[in-house]
Amino acid sequence: EDSECEEPELVQVYLRLKPCNKPSSLYEIRSDRCLITSLDTTTAGHGRRTQHNVSKMYTFSHIFGPDSSQKEIFESVVKDNLKKLPEGHNFTLLTYGASGSGKTFTLMGTVSSPGLVPRSL
């Protein structure tokens, strides 16, 4: 009997959306794993201007919305990995993004809302 085995992701990639004052039309969250970006562009050539809409789909291990707490992210992403350290497992936590996007806040947090690093220690 053939059965499909779902292999675990070797690299897990999470997206955390930063809270924003006004809603964005640049992306749409389709599920807790899928985000679609949409960008209107204009190209000019041969005396004509052409309007294009460029959409791309991105799939993540999980998408954390703007209302996600530091605790929620820690428990979903880091906590189980910490428990595996004594067994010889290891993991790397990396934040990536533009300046001001919330990388340091996610890692370090504040006194009232500690980030992933203080919660791990």
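FYI, residue positions are counted from 1 along the chain as it appears here.
Yeah, the Cβs are placed from backbone N, Cα and C, and that goes for glycine too.
Annotation source TrEMBL lists domain 'Kinesin motor' at 10-121. Model confidence over the domain 'Kinesin motor' (10-121) is summarised by a mean pLDDT of 91.
Taken from TrEMBL, the feature ATP binding site covers GLY97, ALA98, SER99, GLY100, SER101, GLY102, LYS103, THR104. In the three-state DSSP scheme, GLY100 (ATP binding site) falls into the coil class.
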- Query: Hey, which of the binding-site residues SER99, SER101, THR104 is the loneliest by Cβ count within 10 Å?
  - Reply: SER99
- What are the other residues, in sequence order, whose C-beta lies within 8 angstroms of the center of the C-beta atoms of GLY97, ALA98, SER99, GLY100, SER101, GLY102, LYS103, THR104 at the ATP site? LYS18, THR95
- Message: I'd like the number of other C-beta atoms within 10 A of the C-beta of GLY97 (ATP binding site), please.
- Response: 12
- Least Cβ-crowded entry, counting other Cβ within 10 Å, from the binding-site residues listed as GLY100, GLY102: GLY100
- Item | Number of other Cβ atoms within 10 Å of the Cβ of LYS103 (ATP binding site) across all protein chains | 17
